[in-house]
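Taken from Swiss-Prot as is:
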type	residues	note
BINDING	ASN9, ARG20, GLY194, GLY215, HIS216	3-amino-2-oxopropyl phosphate binding site
BINDING	ASP11, HIS12, ARG47, HIS52, THR102	1-deoxy-D-xylulose 5-phosphate binding site
ACT_SITE	HIS45	active site, proton acceptor
ACT_SITE	GLU72	active site, proton acceptor
SITE	GLU153	site 'Transition state stabilizer'
ACT_SITE	HIS193	active site, proton donor
Amino acid sequence: MAEVLLGVNIDHIATVRNARGTHYPDPVQAAFVAEQAGADGITIHLREDRRHITDRDVELLKKTIQTRMNLEMAVTDEMVDIACRIKPEFCCLVPEKRQEVTTEGGLDVIGQKDKVAAAVKRLSDAGILVSLFIDAEHRQIDAANEVGAPFIEIHTGAYADAKNEVEQEKEFHRIKAAATYAASKGLTVNAGHGLTYHNVQRIAALPEIYELNIGHAIIGRAVFSGLTAAVADMKTQMRKARR
């Protein structure tokens, strides 16, 4: 079985920096360290309120990342304009609410199909591979396929936040079924949100999963063990799942 890829989300390096309005820690340096430790790509979310990653970060990271940039963004004209100018390798369209602490759910592709389709077309025409961050629902997968996105990213938050084993098992099987269904439609399947060192292996073991995007758990561990070790440890957990 092919190795599952790891996209390291470095948003929270910027969160720490912005908490004091300093120039450090720098997400550009974090991306370099993560890549050296085995990250297959770097994920950043340029939010409309610029609460962590800034336009400056996006510009510099595009010039310095040695692997692949995955730019998460809302479905807005401003963000599509930025992406078409920067030209990251990947864009992941996500829902966004100003008052949320983190992304709370998947993108409702069905409810805004025309808007999403237009964004997908503009990004694709610019040579960018597009992913849609959606819940593990067949109807949303069908809609993602219909608007022309080649990738989806399954929202794993409900699985990660499950209160007990029964609930987690139910959510795992939803993700598993969604991954199988999406792959049968010809979509490439990524997953992410809330994954940790303790719950990542079951998701990484699913043969349809191409890449996992993980940030908070890695940055949290990095506080105590360093970013190099934190990224390497996550890669180890993911590799174990594919043995």
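Cβ coordinates come from backbone N, Cα and C, glycine included.
Using CA atoms as reference points, the recorded positions ARG20, HIS45, GLU72, GLU153, HIS193 were checked against HIS12 (1-deoxy-D-xylulose 5-phosphate binding site), and the closest is HIS45. Counting in whole angstrom, GLU72 (active site, proton acceptor) lies 8 from ARG47 (1-deoxy-D-xylulose 5-phosphate binding site) by their C-alpha atoms. Only HIS45, from the recorded positions ASN9, ARG20, HIS45, place their Cα within 10 Å of the Cα belonging to HIS52 (1-deoxy-D-xylulose 5-phosphate binding site). Most other Cβ atoms within 10 A: among the recorded positions HIS12, ARG20, ARG47, HIS193, that distinction falls to HIS193. Ranked by how many other Cβ atoms sit within 10 Å of their Cβ, the recorded positions HIS45, HIS52, HIS216 place HIS216 at the bottom. GLU153 (site 'Transition state stabilizer') has a Cβ environment of 31 other Cβ atoms inside 10 Å. With respect to HIS45 (active site, proton acceptor), the closest of these recorded positions in Cα terms is ASP11, chosen from ASP11, GLU153, HIS193, GLY194, GLY215.
Shown are the recorded positions ASP11, GLU72; of these, the residue with the fewest other Cβ atoms within 10 Å is ASP11. When secondary structure is read from DSSP and collapsed to three states, GLU72 (active site, proton acceptor) falls in the strand class.
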